[in-house]
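For reference, TrEMBL has these:
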ACT_SITE  His192  active site
ACT_SITE  Glu294  active site
BINDING   Arg78, Gln103, Arg108  substrate binding site
REGION    1-27  region 'Disordered'
Amino acid sequence: MVERPNKPSSLVATPGLPPQPTVSFSDDNSLVTATLPTGESITVLLYGATVISWKDSSSSEKLWLSSAAKLDGSKPVRGGIPLVFPVFGPPPSDHAQTSSLPQHGFARTSRWEFLGKSTSESSGNQQTGDLSVKLDFGLSSAAGGLDPKGKEAWGYKFNLIYSVTLNRRDLTTSLVVTNDDERVFDCQVLMHTYLRVNDITNVSISGLDNSSYIDKVDAASTKTQSGEIRIEGETDRVYTADGPVTVSEGGKTLYTVTRDNLSNVVVWNPWIEKAQGMGDFEPKDGYKEMLCVEPGSVGGWQTLEKGDAFEGAQTITLGA
């Protein structure tokens, strides 16, 4: 982002028009916040282009963020929606292109550029302010904010465009990956979404019945889901499935997650022991109030030829 000594405190609509979404920046230009006229808001940290807050019109937070999360660029953010690219998890030693990368790659440890905002009216009702706002962010191999260790370890020319769109009842995040290199490269992408819940023991996840999954807490064995999912211990599963995933609590739908061109979804909760062992996971009983439902393309590799692009997206809708 270009530093401006006399930057405006927010970007607003032309006077005389109906109320419009506003976009504001923190004093140090590290955070971008978009707010709809009806009160819904999102906040994105330029470090990692990490969505760290999503609130409804009553200011109820929908994303879980560790109270010990580092927001100063010193390490990946624990919570919100970190971005995984170009490799998911610990890099496989037998995949030469990514074997030297840190876990989950470098998108979440690079400073992205804010490219701008756009707004649209979804219903034509100007009085209710039923608008949406989209924030665009960019990261490329030529960007000054690219994690230097990641750049050295990977070395391919690429361009990423990440869009975060806020509507009154849903949040959409989409990522476009373009190969700007002369060489072919492989990549994986994932949106590591931490959803906030009230009590994980009352939560159920549906939409994955009969789906195959890799159980990472059981020696990466392959299993088939039977019925809805209940979190009763450490859970780390990579599902391959189509269709929406619904998160309910006490029989009430909290979130419905739909995916576009993302064939996998990770369901994760650290539970008691693992939460205790993570220094940036606070409070230690915070596992009771969070559930990760992570859309991605991580079951294999997306192979991109020169000039090819891959796009994937998720939409999280509130309520039924």
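Backbone N, Cα and C atoms are what each Cβ position is placed from, and that goes for glycine too.
The recorded positions close to Glu294 (active site), defined as a CA atom within 10 A of its CA, are His192 out of Arg78, Gln103, Arg108, His192. Cβ environment of Arg78 (substrate binding site): Leu65, Ser66, Ala68, Ala69, Lys70, Met278, Asp280, Phe281 lie under 8 Å away, each six or more residues apart in the same chain. Cα separation, His192 (active site) to Arg108 (substrate binding site), rounded: 10 Å.
Around Gln103 (substrate binding site), taking its Cβ as the centre, 12 other Cβ atoms fall within 10 Å, counting all chains. Our reading of the substrate binding annotation (Arg78, Gln103, Arg108) yields a largest Cα to Cα distance of 14 angstrom. Here the Cβ of Glu294 (active site) has 25 other Cβ atoms within 10 Å, regardless of which shown protein chain they belong to. Around Arg108 (substrate binding site), the same-chain residues six or more apart in sequence whose CB sits under 8 Å from its CB are Gly48, Thr50, Pro76, Val77, Pro82, Leu83, Val84, His192, listed in sequence order. The Cβ centroid of Arg78, Gln103, Arg108 marks the substrate site; residues of that chain outside this set whose Cβ lies within 8 Å of it are Lys75, Pro76, Val77, Pro82, His104, Thr109, His192, given in sequence order.
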